[in-house]
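A.B. asks: Here it is, the structure, as structure tokens.
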């Protein structure tokens, strides 16, 4: 019995490792991006480069995104035009809009992973967020947002290096689904603009029905910028 007790922590660690997910982040953009992940940190990715992140089982509130127009010194301090996370290369906080987001929670209800692409913080680069195993255990596969939203961005939402979501610009209950509209908000002309270009992605905060994806816990994922 004593030997089994000594082995128990090792067995628990092995089980946790088995359920961890590997996220492979690839930059196919014809320019450099500075990939960011919470948890995970950050890394400069030139065209064609990849970054592998092991994310612990049970992680919630996870995000992966691309930063553009960055400049960092030798200590990893600097700033980015889009997606900046407090002026550091190694992100521990979420990025500043506009930025296209890959969002996820692992091993949640019935041991499922829940994941999505969100434009609720706006758009800066096209993105695919797909299960690495081709979709086994993932009823709908994964979301894609391959359009160049920035090139078609409405004038009121235009930002340097990207396209803002209307919540960022106008900060009203209608667009942010807050306050009096917390339970009743619906699509707007601006959210329909995003949805028309990226049907798989969240276009406003309550856009759950067509924008949430699931896979069995333990699935690995690919996040591709400019697929």
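Yeah, the Cβs are placed from backbone N, Cα and C, and that goes for glycine too.
Checked TrEMBL, it gives:
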SIGNAL    1-20  signal peptide
DISULFID  29-226  disulfide bond
DISULFID  70-80  disulfide bond
DISULFID  85-91  disulfide bond
DISULFID  145-198  disulfide bond
DISULFID  153-163  disulfide bond
DISULFID  167-176  disulfide bond
DISULFID  177-185  disulfide bond
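Each of these features: where is it, how hidden is it, and who are its neighbours?
C.D. replies: A C-beta separation below 8 Å, combined with a sequence spacing of at least six in one chain, links residue 226 (disulfide bond) to 27, 28, 29, 30, 125, 126.
In sequence order, 34, 44, 78, 79, 80, 81, 84, 89 constitute the residues six or more apart from residue 70 (disulfide bond) in its chain with CB-CB distances below 8 Å.
Taking Cβ-Cβ distances under 8 Å and a sequence gap of 6 or more within the same chain, the neighbours of residue 91 (disulfide bond) are 36, 37, 38, 40, 41, 42, 85.
The Cβ of residue 198 (disulfide bond) has 23 neighbouring Cβ atoms from other residues within 10 Å, across all protein chains displayed.
All chains included, 26 other C-beta atoms sit within 10 angstroms of the C-beta of residue 163 (disulfide bond).
Taking the Cβ of residue 167 (disulfide bond) as reference, residues of its chain lying under 8 Å away and at least six apart in sequence are, in sequence order, 120, 175, 176, 177, 204, 205.
Non-local contacts of residue 185 (disulfide bond) by the CB criterion (under 8 A, 6+ apart in sequence, same chain) comprise 173, 174, 175, 177, 204, 205, 206.
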A.B. asks: In whole Å, how far does the CA atom of residue 145 (disulfide bond) lie from that of residue 153 (disulfide bond)?
C.D. replies: 15
A.B. asks: Whole-number Å only: compute the distance from the Cα of residue 153 (disulfide bond) to the Cα of residue 198 (disulfide bond).
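C.D. replies: Rounded to the nearest whole number, the Cα-Cα distance is 13 Å.
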